[in-house]
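Worksheet: the structure to be examined is printed underneath.
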Amino acid sequence: MNNVTIAGIGAYVPSLVVTNEKISEFVDTNNDWIVERTGITERRISEGENTSDISIEAAKIALERAGVKAEDLDLIIVATISPDMFIPSVACIMQSKLNAGKAACFDISVACSGFLYGLEIANSMMKSMNYKNALVVGAEVLSKVMDWSDRGTCILFGDGGGAAVLKNEPSDSKGIIKSYLRSDGAKGEALTIGAADFNTPFTKEPQLKDRIIKMNGREVFKFATNAIVESVNEILKDTGVSLDEIKYIVPHQANYRIIKSAANKLGIDEERWYLNLDRFGNTSAGSVPIVLNEMYEKNLINKGDKFILVAFGGGLTYAATLVEW
Ligand code: UT7
């Protein structure tokens, strides 16, 4: 029987490391506060590489590991809220630079939950359209839309991304077993990035946008903890899989305290939640595939292992996916 499996994973982050001390030079903060309140010690910041550049580097690694040629891709989905431009999409830019001529290409805007939404969209499309190979990317250059004078946000985010190659073929692995995708648009104002100004010859009142991240941190924090608990519980209930069968929970890397609080509420040992936010901060849609790539490179992922990926973010959106490797 055909299953949609993750056949290759890759990630790429810019080389510039920006420490908490460096950020303390231009906003009123300090290393102790950031480490204690978030768990972050450093993040990567782009010096000019755009979202498509990061996506392409991550994709090359994932394609190589999956043994799939770019020209054999049927689909490219990029989850990002910091695209190079409105059009062409990052996915179309990738198609051109990778020579993935026959792929259908589009971006999705689901903020930090984007990679998980992308996995499920690809999974469903591969089954309904009989696609063989797909590429799902989560990548961001959030530094472009950061307010570098706001200590409430600029300490949190980082740039980077990851990519997964999916195959739809007969396999012992069940691959993407189940997704739980939800949104709460009524809370959208808690985390925003403005887009283009509304200022035409016909506009009654021009609306000039702040093209920077604005966030109500406490509101998002509360939402995030509940979103993780709900998503993990729903996935377990829906599939009948027990917690004992899950090797790792792979959470979106936003804040160590959010993950600790969700872990306590769910009664799942902190050791079973894989974290690397200390080194990369919150890379939004990039965070889950960056973690998966690190786990793969540390040989923590073996055939047959089951993981729950879980994410939450702007929209507000949240999601969980049960995956067998
Ligand atoms: O991908 C999803 C995206 N977002 C998130 O996941 C964010 C979720 N929220 C958070 O991670 C946390 O709310 C933050 C890390 C953003 C903030 O931590 P907090 O513990 O919720 O702090 P707070 O906003 O309640 O602020 C506490 C104090 C305030 O001072 P006063 O009013 O008590 O005097 C802030 O002004 O800490 C101050 N503060 C800072 N101090 C030093 C806020 N940011 C900083 C800072 N350095 N960077």
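Backbone N, Cα and C atoms are what each Cβ position is placed from, and that goes for glycine too.
For 106-185, the entry in TrEMBL reads domain 'Beta-ketoacyl-[acyl-carrier-protein] synthase III N-terminal'. Per TrEMBL, active site is recorded for C112, H252, N282. Taken from TrEMBL, the feature domain 'Beta-ketoacyl-[acyl-carrier-protein] synthase III C-terminal' applies to 236-325. Taken from TrEMBL, the feature region 'ACP-binding' applies to 253-257.
Here the features listed in TrEMBL are painted onto the structure.
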residue	record	DSSP (3 states)
C112	active site	helix
H252	active site	coil
N282	active site	strand
- Cα of C112 (active site) to Cα of H252 (active site), in Å and rounded, measures 7
- Item | Local confidence of the domain 'Beta-ketoacyl-[acyl-carrier-protein] synthase III N-terminal' (106-185) - pLDDT mean | 97
- Query: Cβ distance under 8 Å to H252 (active site), same chain, sequence separation 6 or more: which residues?
  - Reply: C112, S113, N282, S287, V288, V310, A311, F312, G313
- Message: Using a 10 Å radius around its CB, how many other CB atoms surround N282 (active site)?
- Response: 23
- Query: Near C112 (active site), how many other Cβ atoms are within 10 Å of its Cβ?
  - Reply: 32
